[in-house]
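The next block holds one structure in the form of structure tokens; read it before the comments.
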Amino acid sequence: MSVEDGGMPGLGRPRQARWTLMLLLSTAMYGAHAPLLALCHVDGRVPFRPSSAVLLTELTKLLLCAFSLLIGWQAWPQGAPPWRQAAPFALSALLYGANNNLVIYLQRYMDPSTYQVLSNLKIGSTAVLYCLCLRHRLSVRQALALLLLMAAGACCAAGGLQVPGNTLPSPSPAAAASPMPLHITPLGLLLLIVYCLISGLSSVYTELLMKRQRLPLALQNLFLYTFGVLLNLGLHAGGGPGPGLLEGFSGWAALVVLSQALNGLLMSAVMKHGSSITRLFVVSCSLVVNAVLSAVLLRLQLTAAFFLATLLIGLAMRLYYGSR
């Protein structure tokens, strides 16, 4: 595999094993996010402000990057660091911030199931922008693999899990009690397209930025998460009255923050040394982890759609990364 394909050419077995372990850990953390959030629920709702969790996650990532540089896990560049290279990361933070807020805003204009199915269009937008911005041409096999990945995500979101005793797929028992009808408004469709474009742009732009700069990854992350903390601090402060920063947090909530922070750092390494396409496969594979954990922890049932989605993901990986 080449770097563009998500591999690490020229690595010895130990480093290749570490790369594989990193991807597996990231997949597990992505997949565990929704089940861990469900375990945080009190009386059917999350007891803390979502903006608090996002802000604390960004702050944790920033502190981990600073710690990595201070103790020498990653070398500090010779001489004074080129601080002017920090400015482009402000756009990355802005794009990620816009995307995170659009996810919440979109729920007003469509039901969650429709959102989960259609949001898989971001795989296509990321692939197109990846080819345009990084001038990488996908083969027919690779393009077909990404189409299968989109189909797998839609299949899993549409009916991969269901509540026992209920024939309709539902993300939670509460949702099963009063299911929301499938719907999407014209404005919701427009916003969803914007969301998919921003999602692809944020991923590809950050990858391009990290690869073009000859700076340690920890320092680049320091730039990125400094802007991320400032942006999310402003969003949290401007969010109106609500619970305090740490109000409603439990051990499960702390685990959500820590796992998302570690996963963010792992994804930065993927963007630096792998590709945005690799990230798409990690996120898609995490659907399998999410479904299995939901079945174990939340007692939801796996359906035939889940196994079909798993088969499609496996086939997509074989097509994209297999010998050509």
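We number each residue from 1, going along the chain as drawn.
Using N, Cα and C of the backbone, Cβ positions are placed for all residues, glycine too.
Automatic prediction, not curation, is the source of TrEMBL annotations.
Taken from TrEMBL, the feature transmembrane segment covers 20-42, 54-76, 88-106, 144-163, 183-205, 217-237, 249-268, 280-298, 304-321.
Recorded stretches compared: 217-237, 280-298, 304-321; the one with the most Cβ pairs under 8 Å to the transmembrane segment (144-163) is 304-321.
Contact between the transmembrane segment (88-106) and the transmembrane segment (217-237) is supported: at least 3 Cβ pairs lie under 8 Å, counting only residues 6 or more apart in sequence.
Pairs of Cβ atoms less than 8 Å apart link the transmembrane segment (20-42) most often to 280-298, out of 183-205, 217-237, 249-268, 280-298, 304-321. Between the transmembrane segment (249-268) and the stretches 183-205, 217-237, 280-298, Cβ pairs under 8 Å are most numerous for 217-237. Among residues of the same chain six or more beyond the transmembrane segment (183-205), those with a C-beta under 8 A of the stretch's C-beta atoms are 91-92, 95-96, 98-99, 102-103, 105-106, 108-111, 114-115, 118-119, 121-122, 124-130, 133-134, 271, 276, 279. Proximity of distant same-chain residues to the transmembrane segment (280-298), defined by a Cβ-Cβ separation under 8 Å and at least 6 residues beyond the stretch ends, is recorded for 6, 23, 26-35, 38-39, 123, 126-127, 146, 149, 152-153, 156-157, 160-161, 172, 267, 270, 306, 309-310, 313, 316-317, 320.
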